[in-house]
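The annotation domain 'Peptidase M12A' is assigned in TrEMBL to 1-190. The signal peptide annotation in TrEMBL covers 1-18. Under the heading Zn(2+) binding site, TrEMBL lists H93, H97, H103. Residues annotated as active site in TrEMBL: E94.
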Amino acid sequence: MRLERCFFLLLNLAVSSAVSLPTVNLNAKGVIMRAFDQFRVKSCIDFKPRDSEDFYLNIQKLNGCFSYIGQRIANGQNLSIGARCDTLGIVEHEILHALGFFHEQSRYDRDDYVQIVSANILPVNIHFFIISTFSPYDYMSVMHYRKNAFTNGNGLTIITIDPKFQDVIGQRLEMSPYDAKELNLLYSCSECLQTVEQYGENVEIIKICMFTFVLVQR
Ligand SMILES: *[C@@H]1O[C@H](CO)[C@@H](O)[C@H](O)[C@H]1NC(C)=O
């Protein structure tokens, strides 16, 4: 099921830092560098300045925070870190799109985990909620929207089936342990060991590269 995402596999991904990064501001540039570090330590994905690659990311300050999903455009694929997009979680979110990730609430099994309140969504944004991918659900994903994303003002647009995750969805601190795990699966980061061990009903220990995550569900 996860292999669905391999359609977007990026090989020899390069980042045009020389061409494009100067068009983002100094703070954004620092945050983007920190995001690259996170990919470096949590997966086998690395970024380098563009040399002569045909396919590379052109990271710019355009209008908003957005990216294509996967490798799509030759000669500089735009990825925008616009105003108020220069936080680590948002930059990781956009880079994960470029690496092939869809939004978490677009997964095939999402109706088992969240209720999408169509009546409260601005009609032009309904396409953000279309089901399009295959993989297990992760409320903590940096790719998940928040509870009132694209609301028309009448209330929540995403209600979690399990209420304890209502305020968890939409976090933009960092990619979650499972985001990192999926990235490693998708890009076959075999030199970087990942294991998930279950201890009893409520505790999971996830080891990804040099990191150990202990998930305790209450
Ligand atoms: C990329 O962004 C630039 C603006 O800097 C724009 O002129 C260009 O059309 C964009 N390319 C694509 C393929 O959207």
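Cβ atoms are placed via backbone N, Cα and C, with glycine included.
Nobody curates TrEMBL annotations by hand; they come from automatic prediction.
This view paints the features noted in TrEMBL onto the structure.
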| residue | record | Cβ contacts under 8 Å, 6 or more apart |
| --- | --- | --- |
| H93 | Zn(2+) binding site | C65, V142, M143, R172 |
| E94 | active site | C65, F66, S67, L79, S80, I81, C85 |
| H97 | Zn(2+) binding site | F66, S67, Y68, I69, L79, M143 |
Query: Once the DSSP letters are reduced so that anything not helix or strand counts as coil, what is H103 (Zn(2+) binding site)?
result: coil
Query: the domain 'Peptidase M12A' (1-190): mean pLDDT?
result: 76
Number of other Cβ atoms within 10 Å of the Cβ of H103 (Zn(2+) binding site) across all protein chains: 21
Field: Collapsed DSSP category at H93 (Zn(2+) binding site)
entry: helix
H93, H97, H103 excluded, remaining Cβ within 8 Å of their centroid (Zn(2+)): S67, I69, E94, L96, F101, F102, V142, M143
